[in-house]
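**Q** Input: one structure, supplied below.
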Amino acid sequence: MRWPWSGDDHEQNKSSRLWATSPKSSDWPSTLVEPRTLIATLALTVSTVAGVRLYKTYLRRIPTVNHIKPNYFRRKSLFGQVTSVGDADNFRLYHTPGGRIAGWGLLPWKRIPTKREDLTKQTLHIRIAGVDAPELAHWGREAQPFSKEAHDWLINLIHNRRVRAYIYRRDQYDRVVAQVYVRRWLFRKDVGLEMLRAGLATVYEAKTGAEFGTVEDKYRAAEQKARDSKVGMWAKPTLRQRLGGAPTQPPESPREYKNRHNAAEKLKKPG
């Protein structure tokens with residue numbers, strides 16, 4: 001006797017329908033080329049390839065200059081946070097692709113390190129393109145006038161801030177030469193241009209390695225205006241400074257300073 005509440009007839013009919021619509025083992029090849037199967041497979045493949053490409057193009061972090069592909073130069077920009085300012089025209093950048101939109105600074109696994117040991121081999125050494133700032137004391141050379149002021153000015157402008165670097169090339173010191181922008185309030189500022197306007201840098205004058213992008217004329221005009229306005233290193237010494245022995249002639253440019261020291265060091269070498 002059939003159990004009155006079992007519903008066996010309904011379950012049996014449902015099972016029969018499922019088996020009737022299920023493909024037989026011999027039908028699998030034809031099932032794989034059905035439009036709905038092909039569309040689903042194509043959609044999965046396209047989304048996977050697009051995701052990988054999106055990651056490699058926009059979200060892959062570049063820890064050091066050795067990880068920059070040659071075809072990136074003059075085509076890509078790098079967004080990140082300045083972790084240190086070593087000199088008046090270069091700094092260290094921790095690359096944060098995608099910025100806050102990608103979770104940097106917000107998600108626990110996307111925190112920017114603060115300890116020096118955690119930043120080892122994790123930052124890019126950026127050289128600001130198109131400008132040359134007064135040299136700090138190093139390698140036994142004396143500091144140039146206004147080198148500390150220029151260094152302090154750059155620290156105040158970019159240290160611990162997010163910047164975007166439009167990368168041009170890798171130089172002989174494994175630095176990335178780049179035009180750098182920083183946002184202050186609602187405005188985006190060209191760091192090199194602002195240094196020239198403040199009279200704390202000159203246009204880069206080396207015979208080789210100069211990089212300006214499309215702004216060389218603008219940079220030269222900014223330097224000339226700073227000279228004419230007597231700001232920064234171009235300011236005339238006060239009476240007190242002159243009495244204290246400050247030079248009254250035009251200041252030595254960073255390029256002249258380097259040339260003078262390089263010539264003196266060559267004379268010291270034997271032979």
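For all residues, glycine too, the Cβ spot is worked out from N, Cα and C.
Below are the features listed in Swiss-Prot for this protein:
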ACT_SITE  Arg127  active site
ACT_SITE  Glu135  active site
ACT_SITE  Arg175  active site
BINDING   Asp132  Ca(2+) binding site
COMPBIAS  15-27  compositional bias 'Polar residues'
COMPBIAS  253-271  compositional bias 'Basic and acidic residues'
DOMAIN    76-236  domain 'TNase-like'
REGION    1-27  region 'Disordered'
REGION    226-271  region 'Disordered'
TRANSMEM  38-55  transmembrane segment
**Q** Looking only at residues six or more beyond either end of the compositional bias 'Basic and acidic residues' (253-271), which have a C-beta under 8 A from one in the stretch?
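**A** Apart from its flanks, the compositional bias 'Basic and acidic residues' (253-271) reaches 132-135, 141, 144, 201-202, 204-206.
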**Q** By a simple count of other Cβ atoms within 10 Å, which of Arg127, Arg175, the active-site residues in the record, is least packed?
**A** Arg175
**Q** Which chain-mates of Asp132 (Ca(2+) binding site) that are at least 6 residues away have a CB under 8 A from its CB, listed by sequence?
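**A** Sequence-distant Cβ neighbours: Asp89, Ala201, Thr202, Val203, Tyr204, Glu205, Ala206, Ser253, Pro254, Arg255.
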**Q** Identify, in sequence order, the residues in the chain of Glu135 (active site) that are 6 or more apart from it along the sequence and have a CB within less than 8 Å of its CB; answer 'none' if there are none.
**A** Asp87, Ala88, Arg141, Ala143, Gln144, Ser147, Pro254, Tyr257, Lys258
**Q** I'd like the per-state residue tally for the compositional bias 'Basic and acidic residues' (253-271) from DSSP, helix first, then strand, then coil.
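**A** DSSP classes over the compositional bias 'Basic and acidic residues' (253-271) add up to 15 helix, 0 strand, 4 coil.
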**Q** What's the CA-CA gap between Arg175 (active site) and Arg127 (active site) in angstrom, rounded?
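**A** That comes out at 6 Å between the alpha carbons.
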**Q** Any idea what the model's mean pLDDT is for the domain 'TNase-like' (76-236)?
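**A** That stretch averages a pLDDT of 95.
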